[in-house]
């Protein structure tokens, strides 16, 4: 079906140059000058994991075709800096004050990040203080700075058992000068910003203002995007948990749909611009018949045709729809939220109403047709992380603390090809990762969902083959019985 196979690149433009314009110089991580202090973990310093050498991995390990040499040549010339604990560090631990702020929507793993940052700062480095700023960047503003709270080992010990963030969160920018004033007044040397694109762009402004003032401040981002749409990263914290919980919602929709005569289950999942959660939930559950994602815009007529095609072979249909799909169906809501994100039409509600109207229109063909709608978004965002996500949060946070203590600044930490890398904030927020409709994940989705070309014919051909095989078995049995007479 041509309507479902729109071409797309792996990233989309977002506020800056596209990925193919990124240079090696753009990927160079900024570091505060001077490393005159020894890492306090002296008994581990001589081990391999502590190194002052900056190592790299290839941005893309695939070799160029047609290039013949002793060593393969990557299709991308870019290299990414590996994150690691450093033997010599920039900040003197007993004099260092660490700040942590969480911004934007909540996500599984936020408390794990806060906990791991605090425990690494206190246990491994024995820093002077760890300060948590309340309710996002508002907590750094003149009006909100009085709400700052000190974090201790005892105050974060059990917070990883719960969803949300103990520091609170908020959306929207604050005055950069005011925020840097607060950091200077409290003597903060390292600020960890945990949040999405908007948060990290705010962190970039803080880093630039601190640099302009000559402040000895490292600003380090830990990206929070449940949609898994961060460029240069193959996984963000909370995504695995989101897929796991999304599958539970799909199974519930399936149970509802198969219990009805022409039942349709609709599940709306997160994914403003990228449909990774929807696609992975479809593949993992193996119970979705239609998967609608922003990268593959199709019309209402096509969606109804897909449902009709499904009903030709079954009396139930399960649809997964990402929240960013179909924003042109009603002309969009217009405007932006406090974080600068475009306000979205509630496509789950819109789609449900359109399907209900279509079923009423075709009630003679599909008697008792019913739609059940499930939106698990806030339940998913609010739950604690899976064990694997918790481990991932701990690793991200620990390495972030090590690199920040060594003076890395104006950058984020990310996972790429199973390696932890540092990426300058400006580059990391310049492009957004999206589903590749020619890639493996979307191919898997298409293999298990309804299409408009050959699905019914293949189903009917399979039925005919089964009938012919049954007839053949009966024939052979009769021949065998006759031969004994």
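Every residue gets a Cβ built from N, Cα and C, even glycine.
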Which candidate from 150, 323, 447 does Swiss-Prot annotate alongside 225, 226, 227, 270, 271, 272, 378, 379, 380, 381 at the substrate binding site? 323
Out of 105, 263, 265, which one does Swiss-Prot list together with 171, 172, 196, 197, 198, 199 for ATP? 105
Whose Cβ, among the binding-site residues 199, 225, has more other Cβ atoms within 10 Å than any of the rest? 199
Around residue 172 (ATP binding site), how many other C-beta atoms are within 10 angstroms of its C-beta? 15
Could you round the CA separation between residue 227 (substrate binding site) and residue 196 (ATP binding site) to a whole angstrom and send it over? 10
Pop the Cα-Cα gap between residue 196 (ATP binding site) and residue 323 (substrate binding site) into the table, whole Å please. 17
Across all the protein chains here, work out how many other Cβ atoms are within 10 Å of the Cβ of residue 271 (substrate binding site). 29
Residue 381 (substrate binding site): tally of other CB atoms within 10 A of its CB: 20
